[in-house]
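*Asks:* My structure is below; once you've seen it, I'll send some questions.
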Amino acid sequence: MISYTYITALSILVLNVLNVACTSVDDWPNLSPQIEIALRSQRDIGKYISIDQVTGMGVSLNTLVFDKDGYTLDALNDVSTLLDVGVQTLMINLYWNEFTQKWQLCPAPFPANISSDITTSKELYWDGRTYKCEASLTVDSLVRTINTYLAETNTNIKVNMVHLLFHLKSIRIDPPSGNVSSSEIKDYISTFQPTDSHFVALNNATLNDTVSSFGTSLFTPSDLSSYRKSNYRKGDKVGFYNETRKSFPNLNTFLLLDYKRVMTTVIANDLVKSQYTYNVTSSDKKSVFLEGSGVDTTVASLSDPDAVSQCNELIHYNQDNIEVFDNISLKEHFRIVVDDNGTSFTNVTFSDFVRCGFSPILNASYYNVYNDEEGVSEIDGSLSDIVDNFIPLSFWSWAENQLIEPNRGLNISDSTDTDNDEERDDNDNDDPLVRRDMDYKSSHTAFKCVVLDENGWKVSDCYSRQPIACQKSGSPNDWHIDVKTKREYFTAYKDDSCPDDYNFGIPSSSIEMLALMSYIERENISYPVWIDMNDITVPDCFVTGGPYATCPYQMTVTRLKLAGLIAPSFIVAVVILALILCEKIFRTNPIQSNRKRHWKKAINKYVEKYDYEGVPS
């Protein structure tokens, strides 16, 4: 018989297995921070948009990090923080050191007499400026920092694309002017060629080597060429973005099917031509997107009046011609705009370029940011203050300060149909105080659906009656809204809500959003308007597909997962049962053995005493 102790142990084991299974269903990550929810929802809505149309805020590491903190390993902590808070584009100056014939991050060459302690920062004077540089800060160390971030976010919930923009520059050999001999030039060059073995082992001699540590997560020109030649792109969901030969994989293919995370692009090449300059190798062309490698990056400058005026014209475009938006979506790729100390972004210009489909790159040392405590705007050079100011403005989708509890968007329903019968009748209460109380009571459960207003997406009461944004199939920049048809969100997805060939839709990119807002302005339609998005099933998990769409991140236990959960515990249980069985078979109990010998002896004595032969008479 199995002892009570063993039964108890097995019971606890079974309960633990069941507890693990149940916990896996309910324990999905708590993604309550506003920015994280906005980042994930915008990414999910745009996952079938080609990667060249994905936009996001960027930062110049040289201007805002290294020039202020020094070119040291400690500065990489800021890089990690930038990635963590949602900055997905990093602009970096790569310097070709003509003295050492290697790429480095420090803008100045290290002297030949540098100490063997490569982790000590040095004050280096070069080209009229003094830099604080640490030899151990290499491109490899930067890549390792980014790889750490990639590993930490390698889940379906957090995965995203990181774009590195390289500006190539030269640390040129410029010997003293005048009549100098070749030996004097050689001596001059040697003064900036450290011979210490620790230093010589640092940095890389080719662009390919600088990015090779990304491994298979790097999306390369070779990958793009293979994608365009294969039939793979035919399987991408949004055919509109695959109409040209210069098509790119969509974000879903990039991240979740091909498992790519990083793309490196040279956006400017200021290498000085000389006998010591860098020559691009065939390996470079296969790993880094250079000019002519199939990516025509659009780089605009904020100081360029034409770029500003073109963006303003696009925002206020009121002509019935969707080709303007289609041409941008199909013919312009990776659109970025960079500012400088002469013309830095304001909140308005930053937001405008985001709306125009650009990725704004912060490249100025100081910005006019809003101080919440003082309630005023002030010039600030703090990286954290600058990023905190611009991150909420970096979404082409969500309006600023959305997703903040408890209000969750519009405070008062725009509907006057208070009895929710989809008709305006005598049963509806026009008293604003009564309506306010009714809206307040339902706000905690009904504010789960998304509308579009003049500032972007906002969470609203699902029972409010609004016009419906209808998007044409196969033509995502073509919209239709019938102002006479106002419905609750729960009925907006029905077939009769939109004309033939149109469906209840949502903008999946900044240009689609701009096309919709242009249509609304042109048709003089009042905001807000329903778009197909809600978090009804799981809080903070915004999905498209109507009110019954399920959250893709809600944990479920399939048979395979359940088998995986139970298998380890089942093996342990089998081992325990085997041990119990072995104990029953092979273990000898002294008390039980003595008892058997006693009775056997007594029986033998009885038999000897009363032993009979034959049948007693």
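Every residue gets a Cβ built from N, Cα and C, even glycine.
In case it's useful when we look at the structure, here is the feature table from Swiss-Prot:
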type	residues	note
COMPBIAS	416-431	compositional bias 'Acidic residues'
CARBOHYD	Asn113	N-linked glycosylation site
CARBOHYD	Asn179	N-linked glycosylation site
CARBOHYD	Asn204	N-linked glycosylation site
CARBOHYD	Asn208	N-linked glycosylation site
CARBOHYD	Asn242	N-linked glycosylation site
CARBOHYD	Asn279	N-linked glycosylation site
CARBOHYD	Asn327	N-linked glycosylation site
CARBOHYD	Asn341	N-linked glycosylation site
CARBOHYD	Asn347	N-linked glycosylation site
CARBOHYD	Asn363	N-linked glycosylation site
CARBOHYD	Asn411	N-linked glycosylation site
CARBOHYD	Asn524	N-linked glycosylation site
REGION	409-435	region 'Disordered'
SIGNAL	1-22	signal peptide
TOPO_DOM	23-561	topological domain 'Extracellular'
TOPO_DOM	583-617	topological domain 'Cytoplasmic'
TRANSMEM	562-582	transmembrane segment
*Asks:* Quick check on the glycosylation sites: of Asn341, Asn363, whose CB has the lowest count of neighbouring CB atoms inside 10 Å?
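*Replies:* The glycosylation sites Asn341, Asn363 were compared, and Asn341 has the fewest Cβ atoms within 10 Å.
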*Asks:* What three-state secondary structure does DSSP assign to Asn204 (N-linked glycosylation site)?
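*Replies:* Assignment for Asn204 (N-linked glycosylation site) reads strand.
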*Asks:* By Cβ count within 10 Å, point out the most packed of the glycosylation sites listed: Asn242, Asn327.
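*Replies:* The most densely surrounded of these glycosylation sites is Asn242.
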*Asks:* Just to confirm my parser: what is the rounded mean pLDDT across the topological domain 'Cytoplasmic' (583-617)?
*Replies:* 62
*Asks:* Starting from the Cβ of Asn204 (N-linked glycosylation site), draw a 10 Å sphere and report how many other Cβ atoms land inside it.
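*Replies:* If we count other Cβ atoms within 10 Å of Asn204 (N-linked glycosylation site), we arrive at 18.
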*Asks:* Spatially, which candidate from the glycosylation sites Asn179, Asn204, Asn347 is nearest to Asn113 (N-linked glycosylation site), comparing Cα atoms?
*Replies:* Asn204
*Asks:* May I ask which of the glycosylation sites Asn179, Asn204, Asn242, Asn327, Asn363 is closest to Asn524 (N-linked glycosylation site) if we compare their C-alpha atoms?
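*Replies:* In terms of Cα distance, Asn524 (N-linked glycosylation site) lies closest to Asn327.
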*Asks:* With every protein chain in view, what's the tally of Cβ atoms within 10 Å of the Cβ of Asn279 (N-linked glycosylation site), excluding that atom itself?
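*Replies:* I get 7 for this one.
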*Asks:* Out of the glycosylation sites Asn179, Asn242, Asn279, Asn327, Asn363, give me the one sitting nearest to Asn208 (N-linked glycosylation site) by CA distance.
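*Replies:* Closest by Cα distance to Asn208 (N-linked glycosylation site) among the glycosylation sites Asn179, Asn242, Asn279, Asn327, Asn363: Asn279.
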*Asks:* State the count of C-beta atoms found within 10 angstroms of the C-beta of Asn347 (N-linked glycosylation site), not counting that atom itself.
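*Replies:* Around the Cβ of Asn347 (N-linked glycosylation site), 17 other Cβ atoms lie within 10 Å.
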*Asks:* Give me the CA-CA distance between Asn204 (N-linked glycosylation site) and Asn363 (N-linked glycosylation site), in Å, as a whole number.
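*Replies:* Asn204 (N-linked glycosylation site) to Asn363 (N-linked glycosylation site), Cα-Cα distance: 26 Å.
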*Asks:* Between C-alpha atoms, which of these glycosylation sites comes nearest to Asn327 (N-linked glycosylation site): Asn179, Asn242, Asn341, Asn347, Asn363?
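*Replies:* With Cα distances computed to Asn327 (N-linked glycosylation site), the winner among Asn179, Asn242, Asn341, Asn347, Asn363 is Asn242.
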*Asks:* For a quick check of packing: other C-beta atoms within 10 Å of the C-beta of Asn113 (N-linked glycosylation site), how many?
*Replies:* 9
*Asks:* Would you list, in sequence order, the glycosylation sites among Asn242, Asn341, Asn347 whose CA lies within 10 Å of the CA of Asn363 (N-linked glycosylation site)?
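*Replies:* Close glycosylation sites: Asn341.
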*Asks:* Around Asn179 (N-linked glycosylation site), how many other CB atoms lie within 10 A of its CB?
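*Replies:* Summing over all protein chains shown, Asn179 (N-linked glycosylation site) has 6 other Cβ atoms within 10 Å.
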*Asks:* Inside 10 Å of the Cβ of Asn524 (N-linked glycosylation site), count up the other Cβ atoms and send me the figure.
*Replies:* 7
